């Protein structure tokens, strides 16, 4: 029986991970975020009530679940407090259910200022970041100058370290980017005001997870963003700053890599992308607008409209390889309802005429690529809210089967609407 399950996106994010994690955590004891920060936007709909989480794991609404923010996550204290306050106002006892790794790097105002200054300076070459300081915080981590949650235990030392790093970043902000300096005293006061709240939630995450594993507890790891945004394996440089793939679980939580039992890849029935970067199947026509409107494709974090296109099997196959996927959950199948035909990208035609069935690595390699499509009949019947596999339209079943054939991975879960119960679990990852 699988006990440790990873849930991650197979595309460019926004696949519907939050809903699936929330659904499957009915059985889990722990839900762990292992990378990213509050640039994620995980939307849950339970009995018609919508909740958008950015930093706190999607298991927080379950009474039986302990939610953990692992060391691979960059943590913005102000964003965490805002999210905690909103949830507590709705009666969710966050402080009883949420734990933090002391090794989480902190995102502070100078990271946000740098993020926005750089995007502004890039002009037409902007990456399309969320402007929340994620990249600069990871830079400080790798440069070994960043502050971490553990630094909050000694406030005097924290103040000294903070002064040094504020001076360092302010020099760059003022003299290179010609932007305003960050106020050291305000940053210090704001962080110290909530330091005790954060340190009270600190645990040894690696030890906790290892003990839970030994006791046979069910653990779920919640990925943010998507495989094709991975810092190493994504469409570089149009990527995020963390490892969004299954490999990030071990480094971002402290669980040994051999202890992952099942990797669930969330795949949207079509493709979307927010921000700049390659997108071979993008549709800038009526069909693209149809998908955007029907799928309500607007970012949960930024509110930006998402780019839309047909499902790219070539890119998804790359996700299968990198993540050693055990199964898929297909989301938003209902968005395709009403289309006369649906298409799957099964290969790329390169600028020199060659046909390939693998993805390039760097963004430059995607330039001039044309998708090669396989066209299938669409369906006029609704799939929205359907909860039995046999009651799906035959054309929709054919589409699902073809995705399985082309990827070599079974679709174990099908989502037909935003609500928790608008889902078919054909094979439970915890039992696989």
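Every residue gets a Cβ built from N, Cα and C, even glycine.
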Same IMP site per Swiss-Prot - residue from 129, 130, 157, 287 joining 14, 15, 16, 17, 39, 40, 41, 42, 144, 225, 240, 304:
130
Within 10 Å of the Cβ of residue 305 (substrate binding site), how many other Cβ atoms can you find? Include all protein chains, please.
14
Of these recorded positions, 19, 42, 304, 306, which scores lowest on Cβ atoms within 10 Å?
304
Would you count the other C-beta atoms found within 10 angstroms of the C-beta of residue 41 (Mg(2+) binding site) for me?
20
Do me a favour and check the Cα-Cα span between residue 303 (substrate binding site) and residue 333 (GTP binding site); whole Å is fine.
22
Pairwise CA distance, residue 13 (GTP binding site) versus residue 225 (IMP binding site), rounded so that it is a whole Å:
4
Within 10 Å of residue 41 (Mg(2+) binding site) (Cα-Cα), which of the recorded positions 14, 130, 305?
14
